[in-house]
């Protein structure tokens, strides 16, 4: 590329042959450049082009070494396509989230309500009521009528509503503690507003009371109101009896032990047209579950020691220590099972030894094994939670065995 050399020779031999020779020489010997750099920028591009750096290059002469032209930047257009498609997808997803179908919103609200009801307590209430109804019907099979099934179903719904009121009002007044101890609960997690929680607990109380008053008479209605009252003073200031261990234990044992078992059995016999009369199995399950509810009341504070200490809630677990309370609860339950086995031998005409003895021996063995696991785990929080869940599973198991004893 000797353009510059030939141009110089031409101008030295024949300077006047062309009027524009000077301009021609200047054009070939000067560096082409732009007066102002032109930059092409785009915020989505990985590179920016500066045209002055590309166009400002020297055209070499014949005697000069050729300098390579700067390579233009290489672009990965596939990344542009991926980025654009991902942004478009994100926009579409945001639009879809903003216009979520009604079914999804309803499902989300149902999940919040279910967590608000504390499912493990719902299972205990439902199993207990169904077991007592089944026992009353098995004792009087000749009086079974199909319309009683609907009435029993209404009774279970009323009990679940009462349970929802009691656990719901407790969550409303325990938000600060639950943020430490149970951050997964809907109010503590911010998934459910306090205003909506109040509407739910008032609905549960009103619906449950209406069902009981319409179907089960004044005596059962008064028992139902007593249960709601005890659940209220357990959580609501200025009473807030949960601050006092003995009062808290007595309330839980009374509501979940005596009132539930006695009330359901009484209502079932009344629906069959029979006067109330204790039977040996019903008397046994009432006493057994009352003591069991006392153990639940004691051990329920084991996973909550951190929050109870922070908010100065006095419990046996904060006073005596987690290990001592776990051993105390295990000892009381073990005594409960030993008494059940003894009763089966002492009253063989009232109980089925072939079911009652091995069932309670198996449950007692499971309790001992779980207490051993807790001891080996050195009473960590996860181990304590597992132990507490196992106690509830033993509670469910007792109601499953009850109709067969």
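Every residue gets a Cβ built from N, Cα and C, even glycine.
Automatic, uncurated: that is what TrEMBL annotation is.
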Correct range for transmembrane segment (source TrEMBL, candidates 115-138, 211-234): 211-234
Contacting positions for the transmembrane segment (246-266) when only residues 6+ beyond its ends and CB under 8 Å are counted: 124-125, 128-129, 132-133, 135-136, 155, 159, 166, 219-220, 223-224, 226-227, 230-231, 233-234, 276, 282, 285-286, 289-294, 296-298, 315
Proximity verdict for the transmembrane segment (278-299) and the transmembrane segment (320-347), three or more C-beta pairs under 8 Å: yes
For the transmembrane segment (184-205), sequence-distant contacts whose Cβ falls under 8 Å of one of its Cβ atoms, 6 or more beyond its ends: 112-113, 115-116, 161-162, 164-165, 168-169, 171-172, 175, 178, 228
Touch test for the transmembrane segment (211-234) and the transmembrane segment (320-347), at least 3 Cβ pairs under 8 Å: no
